[in-house]
Every structure is written in C-alpha cells, then in structure tokens.
Amino acid sequence: MNLIMLILALWAPVAGSMPELSLTLFDEPPPLVETEPLPPLPDVSEYRVEYSEARCVLRSGGRLEALWTLRGNLSVPTPTPRVYYQTLEGYADRVPTPVEDISESLVAKRYWLRDYRVPQRTKLVLFYFSPCHQCQTYYVECEPRCLVPWVPLWSSLEDIERLLFEDRRLMAYYALTIKSAQYTLMMVAVIQVFWGLYVKGWLHRHFPWMFSDQW
C-alpha cells in the first residue's frame, strides 16, 4: 500500500505539467487551387481506313514475303505499323518494320516485307496499323501459305514439312516423290561417274579378259 501511494505522489506533478493536445486537425477547409482546363482532344473523325488487304507467302526455306495495302483518309505521316506472327507456342514481335512504298497517292499505302525467316509452324501474320497517331489501332491477319512450284527441284524438306502443317497432303506427297526421284537420279549419275573414272580403269588393268572381244 505504501508503494502505491508513493507512485501516485510522483505521477501527480508530471501529469499536471503535460500540455493539452488539440484534437482539431483543420479549423478551416484548405483553399482550392485553380487549374487550367485541359486542351480539347483533336478531332480525328476524318481519318479512317476504308479498305485493308494482306497477302503473305512462304518461299523456300521459310522466308516470309508479305504485302499490305491500305486505302482511306490517312494522316501524313502515318504511324509506323507493327508486324507480329503467331506460332503454336504463342506470339513473337521480332519481325522488322515493313518497308513503305513511296507513291504520290495520299489515300493508299503499301507496305512490303521480304526474305524474313519465320518458323515452319507459323499460323498467322498480324499487321497492326492506325490511320493517325490518335486514332484507334486496327489489325489485319493473313495465313501464310508455302509457295512450291510444280517441279519442286529446289524445294527443301522443310517446305514439305510446311505443306503437311498446312494440311496440303497431296502437294506434300507429290513434292516428296519428285525429290525422291531427283535424289535417285543424282545417285545414279554419281555411280556412273565413279564407275567410268575409277572402277572401269581398275578392271581394265587387273581383269583385261573381261573386256576382250570374246565377250
């Protein structure tokens, strides 16, 4: 009991000397800061794309060649388009910027992409474009098809694999037959050259009776 009385005696002067805290945070509301109004958005209703077309093929070795045509009221300069390709694993954006054809027309533009190697299992090529910098972005897609001639002497096995991926089995079997015949004729020609240069001369020297008139 004496200990409690001593603590209360020491606490009384300390509590009496503590300052009173104000619980009011803001006596008056803060003043409003006047800001300048935002500039109006530019009117882009006049810019539009009325027609878009995409054509893309795969040359020998999986080299992509694509052409995109745009017609409409386009701004000058037009925003740089982007090209992506889609495979079975996903999308890729490593495609370089397409080249724009220089023409005098302001209502039509053409973009080219040549000799860019893509995977054999490419499903789609997507071309993203916009008629102006503030306009909505559009895209047009195309499915690349392997371009194989009727006599596919220079086609590779990758091209045949691409034909099978596109479910063009008849063309793939035809190309495989031509390539098999080509390799067979090449092997026959190599054997004939080897026979004439080496084997026949060796037989003449060691077995001359094989080439006598009696035979």
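Note that Cβ sites are derived from N, Cα and C of the backbone, with glycine treated the same way.
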Swiss-Prot annotation, disulfide partner among CYS142, CYS146 for CYS56
CYS142
List the Cα distance (Å, whole number) between ASN73 (N-linked glycosylation site) and CYS56 (disulfide bond).
25
Determine the mean pLDDT over the domain 'Ig-like H-type' (47-146), rounding to the nearest whole number.
86
Least Cβ-packed of the disulfide-bonded residues CYS56, CYS142 (other Cβ atoms within 10 Å) is CYS142
